[in-house]
Structures are given as structure tokens and as C-alpha cells.
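Asker: Please see the structure below; I have some questions.
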Amino acid sequence: MDKAIQIALLGFGTVGTGVVKVLESNADDIMKKVGAAIVLKKILVQSANKARKVATGAKIVTDIESIVNDQDIQIVVEVMGGEKPAKDYILQALRAGKHVVTANKDVVAKHGKELFEAAEASHVDFLFEASVGGGIPIIRPLKQCLAANRISEIMGIVNGTTNYMLTKMTKEHMDFATVLAEAQAKGYAEADPTADVGGFDAARKIAILASIAFGARVTLDDVYVEGITNIAIQDIEYARELGYVVKLLAIGKQDDQGINVRVHPALLPNSHPLAAVNDVFNAIFVKGDAVGETMFYGRGAGELPTASAVTADIIDVARDIRHGVSSRILCTCFEKKAICPVGTTESPYYIRLLVEDKPGVLAAIAGAFGAQQVSLHSVIQKRKVNGRTEIVLITYRVTDESIRLAMSTLAGMSVVNKVGNIIRVEAEEIIS
Ligand SMILES: NC(=O)C1=CN([C@@H]2O[C@H](COP(=O)(O)OP(=O)(O)OC[C@H]3O[C@@H](n4cnc5c(N)ncnc54)[C@H](OP(=O)(O)O)[C@@H]3O)[C@@H](O)[C@H]2O)C=CC1
Ligand SMILES: N[C@@H](CC=O)C(=O)O
Ligand code: NA
């Protein structure tokens, strides 16, 4: 056996605790796989006196210098989250010649280029498998196993919190606030859960995935983002009656015009494989020109699933250290590609409206849509609300721009009392 490889953790919360547990419980196997023991020497935290969920022989510290200046520590594992000071700590570690593993999509999505360059300059590894899809292998498969392909599409459910929430709202009719509190208690949500429910966590993840899949840098600003805060129980129920489920999707597509990247809720037909992905599970579809369709499925958040990905990255780096290689696969954004505006994207739409209950209303609404070349596939009268009528419309495939123009006309019509919701339908054909 070689000399032990010493590492440090930055963060001892949900993921940090999981990493300590996995390193401890699987220590013998890991040692055999690596050919050297992995020893956790130090853990950086904010509150040194806080009670911890698991015992460790590692020294608890509160200053980053005691880690980056420690010559024995070869791998720094950042699991504290947030942009600041995480990014600076990662940079300090890379510049000090330490390999870095992180679960932090905020930092990778926003500062990936700078971090890859720092890793390259120091000839060290920079791995981030846990940053997307929690325990699901997806970064490494994209960079390595699918490297032979030209990828045209990557689409998935990449936020465990919102998928857990939508599943509970669908199956148990639980309200938004209660189910969000449950997801937080289970350790799925971000420190600030608005990143989850607002779609920004998924946006960071699809920016990372699209950058790797399409070989061109896609930043958070390039991603169109809508979260699930407007999804009402009625939308879920009406979707179910029509043969759909509501999911928060992250979608990246490339064609001759460029790259189109978006996060939004969507009605998915029950027959779609992603429709069966429930609770905290995530799944990611990838379409490559050689491999065809592939799908990656597993737990997208939580202590041990996330620790599985982080610890596997640690093992990978440790193997590289033993074999004297490093920084083999860093930045894979080799090209610059155009980002297509969201207005040009097309899909059918689900629209819920509250309208006056009188003759001629439906004809007036159909006229407003028709003026923007939006054809209606179906109009369904749902229920009476305070003497008004709630209707659900499903359009044929139209551009995002046409639907927005039609909706702004509609919102100004006196017979339209309220626009309840507008949700894309992610399907090639509308279910009749
Ligand atoms: N939770 C999950 O399921 C998943 C999380 N991730 C990512 O993993 C990372 C960690 O998430 P999670 O474990 O849930 O987060 P937690 O909030 O549970 O833990 C954060 C930890 O970092 C420490 N910390 C925070 N700020 C500082 C600071 N300025 N200086 C020193 N220590 C600090 C905290 O210290 P103290 O304990 O003293 O407060 C705490 O131990 C995030 O980037 C997250 O996005 C990725 C996939 C899944
Ligand atoms: N908050 C995130 C955690 C993993 O990235 C999620 O819910 O998916
Ligand atoms: Na992953």
C-alpha cells in the first residue's frame, strides 16, 4: 500500500456529513480500490462548537489558511455551498497546488472558466460530479463515456426538491408551503430554497450540462428560467385529467441556429419516461448521434446519494495522484455558439383562464389567439368560480413569442377576469 492520501473538507452540513460517513463505512474497500488509504485530516466549518451528526477524528477548523497552507493535504473537498467565500476558497486551494472536488453548482456554473484555468495552471484535478443530479453519474459520462458523440439534446428533471414537491402535490394534494418544509427537513433544499422553487438551481445545472454536452460555454444568463411557484393544485389536477403530469424540466437543445437552454414547468404525457420520475429522484435524457437515446436515473439530492458522487470524485483524484497524472479532463468548452432567444422556441401550451359567463366570450378569446396565429386544439370548461367560468385551453404548437403577444391582448380584455396559468406542453403530439 502507498502512503495515505490526506484530504480536507470545507463544510460539515448535509453533504459533508454524508462524505464522512461513506469514507468511514467503506474505508477498506476504498483503500483497496485506490491502493492507498484516504485520511480526512481537517474540516472547515462556520461554527466550531455546533453539535455534529457524526463523529470524526478530523480536526475542526474555522480558517481556510490552516487547510491551504497544510502541505500534507492533497485534496480539498468543497461542500459548503454558495458563491462566496466558496469560490475564493476553491481558487486558493487550486493555486496552492491542491486538487479540488466540489458539489457546488453555483460556483461551477458561474466561475467554471476561471476555476478550470486555475486548475490547468497548477496541474491539478477539478471534479464536480455531485453538482448536477446528486448521486447520478452524469458529468463523467458526458465528458468521457459519451465523448465520441455530437449531442443534440439534453433534457431532465435535475432538482430533487421541486420534484419531491410536485410529486407530493400530485399524489397527496399537499400544499406548497407544507411540502417545501418537508423537502427542507430532508436536507434536499438549498440553504435558500428560492433557488430550488424559482428554478435557478436547475438553471445552474443545465448551464453546466449544456456547456459540456455542446462543447461551448453556457452561462446562467443564457438560461431562460421559470420556477414552480405559480403551479396550483388545479393545474396538476387538470393536467392529470388530460393525461399529463406537471414536472420542472431543464432542457438544452442545439441545432444549426445555435443552442437553446431553458428551465420551466411543463405538462408531460404520462407515457413519457420522465413522467415516472418521482419524489427526490432525478433523470437526465441525452441524445447523441452515435449512441442514440440514453437516460441516467437516481437520487438527485440527499446526504448519502450526494456523498456517493463526491466520494467517487475523491477516489478518482486519489487514483490520479497514485499514478502521477492530473488535470486530464478540465474545460471541454472548445467552441463559441449562438444562444437562441426563448421567443423562438415552440411548443403546445396549456392555458387556464377565468372568464365572464356570457355568450360570445369563447369566440372573442379564440379571435385574440387567432390574431397571433395561435390555433386552439381544445377548450375545456372546468368549473364555476364566483359566478365566472374557469376554462382550460390547449393550443397547437406555437412560438413562445406568439403566445406572449396573444396573452397580453387577452389580459386586457374585459371578459377575461384572470389569467390563471400558462404552462408549456412538452410533447411531440397533443393527447386527444
Ligand atoms: N443537500 C443536497 O442534497 C445537495 C447539495 N449539493 C451542494 O452541496 C453543497 C453543500 O450543501 P449542504 O451540505 O446541503 O449544505 P449545508 O447548509 O447543510 O452545509 C453547509 C456547511 O458549510 C459550512 N459553511 C457554510 N458557510 C461557511 C463559511 N463561510 N465558512 C466555513 N464553513 C461554512 C457550514 O458550517 P456550519 O455547520 O458550522 O454552519 C455547514 O457545515 C452546496 O453547494 C449544495 O448546492 C449538491 C447536491 C445535493
Ligand atoms: N437543492 C438541490 C440539491 C441538489 O443539487 C435539489 O433539490 O436538487
Ligand atoms: Na451527479
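For all residues, glycine too, the Cβ spot is worked out from N, Cα and C.
Dumping what TrEMBL says about this protein:
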type	residues	note
ACT_SITE	LYS205	active site, proton donor
BINDING	LEU10, GLY11, PHE12, GLY13, THR14, VAL15, GLY16, THR17	NADP(+) binding site
BINDING	LYS105	NADPH binding site
BINDING	GLU190	L-homoserine binding site
DOMAIN	350-424	domain 'ACT'
Asker: Filter the recorded positions GLY11, THR17, LYS205 down to those with CB closer than 6 A to an atom of ligand 1; keep them in sequence order.
Answerer: GLY11
Asker: From LEU10, GLY11, PHE12, THR14, THR17, GLU190, which binding-site residues have a C-beta atom under 6 Å away from some atom of ligand 2?
Answerer: GLU190
Asker: Can you check how the pLDDT averages out over the domain 'ACT' (350-424)?
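Answerer: Across the residues of the domain 'ACT' (350-424) the model's pLDDT averages 93 on the 0 to 100 scale.
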Asker: Can you tell me how many other Cβ atoms are located within 10 Å of the Cβ belonging to GLY11 (NADP(+) binding site)?
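Answerer: Step by step: centre on the Cβ of GLY11 (NADP(+) binding site), count other Cβ atoms within 10 Å, giving 24.
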Asker: Across all the protein chains here, work out how many other Cβ atoms are within 10 Å of the Cβ of the residue listed as 'active site, proton donor'.
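Answerer: There are 26 of them.
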Asker: What is the interatomic distance between the Cα atoms of PHE12 (NADP(+) binding site) and GLU190 (L-homoserine binding site), given in whole Å?
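Answerer: Taking the Cα atoms only, PHE12 (NADP(+) binding site) lies 14 Å from GLU190 (L-homoserine binding site).
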Asker: Mind checking which of LEU10, VAL15 has the fewest other CB atoms within 10 A of its CB? They're the binding-site residues.
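Answerer: Looking at the binding-site residues LEU10, VAL15, the Cβ with the fewest others within 10 Å is that of LEU10.
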Asker: What three-state class does DSSP give GLY13 (NADP(+) binding site)?
Answerer: coil
Asker: Are any of THR14, VAL15, GLY16, LYS205 (the recorded positions) within 10 Å of LYS105 (NADPH binding site) when you go C-alpha to C-alpha, and if so which?
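Answerer: Close recorded positions: LYS205.
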